[in-house]
């Protein structure tokens, strides 16, 4: 329906169709039919011209389904993705979390986040707010916004995420299979360089989708084969670059590049690398068992941590493959059919629309799952997350006659040895006994040092630090029995 009086001819009926038997349409009906049959375009009644080099843009394909998925489900998913991936990026950005694996995981979280955030403004505006019902208010920016937020930009970030997953699996395989070479080959510097190359190549290969079409806003009466209708819509035309290269050549190059370079090859590599990682994990598990038999617990503990990280990455890669392999098959079939003019009836109906909608939502749903995988399988991630978002806490665990106290301090910069001692005395409200030294990571503190720094009862002001630091004091309760008395797993919030 027009916003006011139609630009030409009679006023349309409420559904946008033409009044029956109106002379305005009857005298040009033959010209309109000939236009459709000869060019496959449409006939512009107001301009009295046959338009064959442009077509009307479709902003939706199955509005009932898209309104539910894009208008209702998608915003909720994106909200979860934003919370989860921002949290992952913040935690992995801390200085003490710096490692080649964590660098890749952080960049993956950012790329996945942008895959969902870029389409969000359009889906909120068009589907959630119901503007698909008010096309009479359409402006030219609608068309460009739909183009770039739904079609041109998201595939670039998805391609980046695809190859970052390959980089992650490769880096981990080299680390567990060739640990000596991995220190130099898979350094943080080299991982960042590889990420930069992935970004540049993805941008270059995705750029052609941004310069293939141009738009103009049209309002008037058109004939498209199923009768006259009044419309206000964007007309899509080919840019000079597309005409110069040729439409078939242009799109075949773009879609085959995307299918082979960013979907099929990465998927095959991930399957191979995942199998190699599983094989490497089994070998590492045997090595850990040998170390335990040889009574080398410290080395066995390090091997356990390494195996846990590898298992975590195998799970992440497997989930990624499960939701992306169907898209790889679909893209391959589509490219073959378009290139060799093969017609499959399944591609003519609603199946492509439904498949892409469901697959896209499944891909988005896996992004928040990664956060929970990190929490469950990475102790360093859990500790840093708790230190950043749970303020200060003390965990006490009874071990026979000994009592272990772990203090997580959230705050700015790594704590020095003396600052750690001061932090302990600021939060422990129990008499401090002399303890034997116990090395936890790089932290060596005794209760004697703490007692000398701040005797019991000293009033100190609590300070917060930006970096998360965890350390443990292990000692035995003497005959005075004045040590902290906590049961296994009990958490004390201060």
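Using the three backbone atoms N, Cα and C, a Cβ is placed for every residue, glycine included.
Over in TrEMBL, the protein carries these features:
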{"type": "COMPBIAS", "residues": "482-494", "note": "compositional bias 'Polar residues'"}
{"type": "DOMAIN", "residues": "84-374", "note": "domain 'G-protein coupled receptors family 1 profile'"}
{"type": "REGION", "residues": "473-494", "note": "region 'Disordered'"}
{"type": "TRANSMEM", "residues": "73-92", "note": "transmembrane segment"}
{"type": "TRANSMEM", "residues": "104-127", "note": "transmembrane segment"}
{"type": "TRANSMEM", "residues": "193-211", "note": "transmembrane segment"}
{"type": "TRANSMEM", "residues": "253-278", "note": "transmembrane segment"}
{"type": "TRANSMEM", "residues": "311-333", "note": "transmembrane segment"}
{"type": "TRANSMEM", "residues": "353-376", "note": "transmembrane segment"}
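Same-chain residues lying 6+ beyond the ends of the transmembrane segment (311-333) with a Cβ under 8 Å from its Cβ atoms: 101, 162, 165, 168-169, 172, 255, 258-259, 263-264, 267, 270-271, 273-274, 277-278, 281, 344, 347, 352, 355-356, 359, 362-363, 366, 369-370, 373-374, 377-378. On the 0 to 100 pLDDT scale, the domain 'G-protein coupled receptors family 1 profile' (84-374) averages 90 in the predicted structure. Two recorded stretches are said to be in contact when at least 3 C-beta pairs lie under 8 angstroms, sequence spacing 6 or more; the transmembrane segment (104-127) and the transmembrane segment (253-278) fall short of this definition.
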